[in-house]
Structures are given as C-alpha cells and as structure tokens.
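Report on one structure; see the data block that follows.
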Amino acid sequence: MAKKAQKKNQKKVKREPVEQEEVEEEPTVVKTEDTRPSQPVEEEPQQEQSPSEDEERASSPKASSESDADSPGTFEEKEWIPSQGAQEAEEKAQRADPDEVVTRLVIKDIDVENFKSYYGRHKIGPFHKTFTAVIGPNGSGKSNVIDSMLFVFGRNAKKIRLEKLSELIHSSAAHPDVSYASVTVNFVRVFETQHDATDPMFRKEVPNSALSVKREVFRSGVSQYSIDGQRRTQKEVVEHLIKEGIDLEHNRFLILQGEVEQIALMKPKAEKEGEEGLLEYLDDLIGTNEYVGRVSDLTSAAEQAQTERLESLDKEKKLRAERDALDDAKNSTIAFVTKDNQLQKTLIAMCQLRMRGD
C-alpha cells in the first residue's frame with residue numbers, strides 16, 4: 001500500500017510541471033495568433049517604423065528645432081527657423097514691398113573720438129536690438145554714452161552738464177592739446193516680424209538701411225553735422241531724423257537722470273500760463289498740444305453758437321406768447337363773425353316769409 005501511495009504521489013508530482021509548462025506556453029501561442037492579423041507588434045516591424053518616425057520628426061518644424069538644439073554646430077539653423085509661423089513671416093517680409101514691411105530704426109553702435117573721457121577713436125557697441133545696459137564703477141564713463149547721443153541729437157550744453165560745447169573735447173595731462181571731438185551714431189533698420197516673440201536678438205537687418213549721423217565740435221565752440229559723410233545743417237539733420245521716426249520734436253526718447261522724479265512731482269494741471277503740469281506734459285508727449293489752438297477756437301465757436309441758440313429760444317418764447325394773445329382775439333373775432341352771419345341768415349329768412357305772407 002505504501003509503495004502504491006508513493007507511486008501515486010510521484011505521478012502527481014510529474015504531472016504538475018507538465019501542466020505549468022502548458023500554462024506558460026498557451027499565452028505565448030495566443031498572443032502570436034491574436035496580434036498578427038490585427039496589428040504587427042513584433043520587433044522587426046518596429047525597426048521598420050523607426051525611420052518613418054524620424055522622417056516625420058525631421059519634417060515637423062518643432063522637431064527640427066529640438067534636434068538642432070541638441071546637436072552642435074546647428075545654431076544658425078535654429079536662429080532663422082524657430083517655428084513655421086516665423087519662417088512664413090520672414091518669407092512674406094522678403095517677398096513684400098519695402099513700404100509694406102514693418103521696420104524699426106535701432107542704434108547699432110557709436111563711434112567717439114576725443115569725446116570727454118575717451119581719447120582717440122573708440123567704438124561703443126554693438127548694441128542689442130532690444131535692450132542694452134551700460135554698467136561699470138563710478139567714473140568709468142557710463143554717462144558719457146548718453147551724453148554722446150545728446151550731443152549728436154542737438155541738445156544744448158546745459159543738458160550735458162556743461163557750460164559750453166568745447167568742454168566736451170578731451171582734456172587731460174597726457175593729452176592737453178586735442179583740438180576737436182566727434183561722435184558718430186550708426187543706425188540700422190530691423191524687421192518687425194513674428195520671430196520677435198521667439199527671440200528679439202535674431203531680428204534681421206534691412207539691407208542697405210545703414211544710417212550714420214556725425215557731429216563735431218572744435219575749440220572755438222563751432223560744431224558741424226554730417227549724414228552718411230555729407231555735410232548737413234542742424235535743421236536738416238533734425239528733419240531727417242524726425243522723418244526716420246526719432247521724436248526730436250518732444251525729446252522724449254531720452255529720459256535723463258532726475259526727469260522721472262520731476263514727472264512724478266508735477267501738478268495735475270498748470271495753474272498759471274507758462275507753467276507745465278502733468279496734463280500739459282502729456283499733451284506735449286502725445287502731440288495733442290498742437291490741437292490746443294484749434295480746440296480753443298472750436299470751443300469759442302460752440303459757446304457763441306450756444307449763446308445765439310439761447311437768444312433764439314428766448315425770442316421764440318416771446319413770439320409764442322404774442323401769438324397766443326393774438327389767438328384769443330382771433331378766436332373771439334371768429335365767434336362774433338359766425339354769430340353775426342347766423343343772425344343775418346335768420347333775418348333774411350324772416351323777411352322772405354313775410355313777403356310770401358303778404
């Protein structure tokens with residue numbers, strides 16, 4: 001009996017791994033049979049799909065920009081093809097007429113020669129097309145950058161914290177005999193496109209749009225201007241820069257030190273003629289002050305018209321009262337005439353009856 005029980009147990013033990021092997025094999029067989037007709041999921045088809053996915057990634061602008069960013073030496077491609085919208089905007093800007101393309105004038109760099117603390121020729125820049133910060137310790141010449149622009153744009157000496165323009169000429173113990181100073185502001189136009197939202201640093205320059213404005217001053221105090229190397233008067237320079245979009249009429253493109261505080265402390269409106277309050281400042285800044293005379297004339301005309309209207313209304317009121325008084329007399333007269341006519345008709349009828357009776 002014990003031998004028979006051991007044999008039965010051995011048989012059971014032998015059967016259990018067989019059943020486990022069958023269970024393990026069945027799902028593999030089912031998976032291969034179910035997945036093959038519906039969708040290939042084997043490793044070989046996946047290797048065949050990988051090139052197509054790479055092609056799709058390469059065809060999409062977003063994927064191309066990401067791959068360019070990861071790979072070295074492809075920074076220039078990312079610079080001009082950040083997105084499909086930016087590329088289309090650039091192509092449209094190139095195809096469009098120059099008058100239809102939106103551009104903006106920016107300062108590229110500044111050339112100074114013997115100007116204040118700068119002896120000899122120096123190039124300041126290039127400037128960023130959107131924002132540039134000039135930093136440095138005290139006395140390093142940070143304010144001279146702004147002073148150079150004030151000088152070129154025709155500001156007087158007091159605005160540059162000097163008594164006369166000849167003080168702009170460099171004077172030092174090592175170089176005491178410098179006879180002149182000059183500043184050249186070099187401008188260039190850049191396109192305003194949808195690419196600016198991605199990175200304004202990559203704005204393209206408009207071809208052949210360079211503009212240089214130069215001003216020189218001599219020890220005698222005489223200064224002279226030139227545009228692109230040709231001598232010009234200050235009036236011609238101002239008119240040309242205004243035409244290019246620089247607001248020299250109101251001088252609000254350069255905010256000097258202390259002007260922000262002065263604006264904040266302005267009165268809301270000037271109390272006396274000749275003073276400048278915040279309202280007058282904004283009128284001058286926006287350009288509405290040129291309409292002040294016209295608005296005043298129109299206001300006077302409107303007040304005169306209102307006065308005449310009131311006089312006409314008063315006259316109309318009096319005439320209406322007179323008409324109403326005449327209406328009463330008219331109505332009484334009409335009533336009298338009506339009654340008189342009726343009386344005459346009655347008398348005529350009575351006379352006719354008497355004549356028939358006789």
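All residue numbers here begin at 1 and follow the chain in the order shown.
Cβ coordinates come from backbone N, Cα and C, glycine included.
Taken from TrEMBL, the feature compositional bias 'Basic residues' applies to 1-14.
Feature annotation from TrEMBL assigns region 'Disordered' to 1-99.
Among the features that TrEMBL reports, compositional bias 'Acidic residues' is placed at 41-56.
Per TrEMBL, compositional bias 'Basic and acidic residues' is recorded for 89-99.
Taken together, the residues in the domain 'RecF/RecN/SMC N-terminal' (107-249) have a mean pLDDT of 86 on the 0 to 100 scale. Per TrEMBL, the feature domain 'RecF/RecN/SMC N-terminal' maps to 107-249.
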The domain 'RecF/RecN/SMC N-terminal' (107-249): DSSP-derived helix, strand, coil residue counts: 36 helix, 46 strand, 61 coil
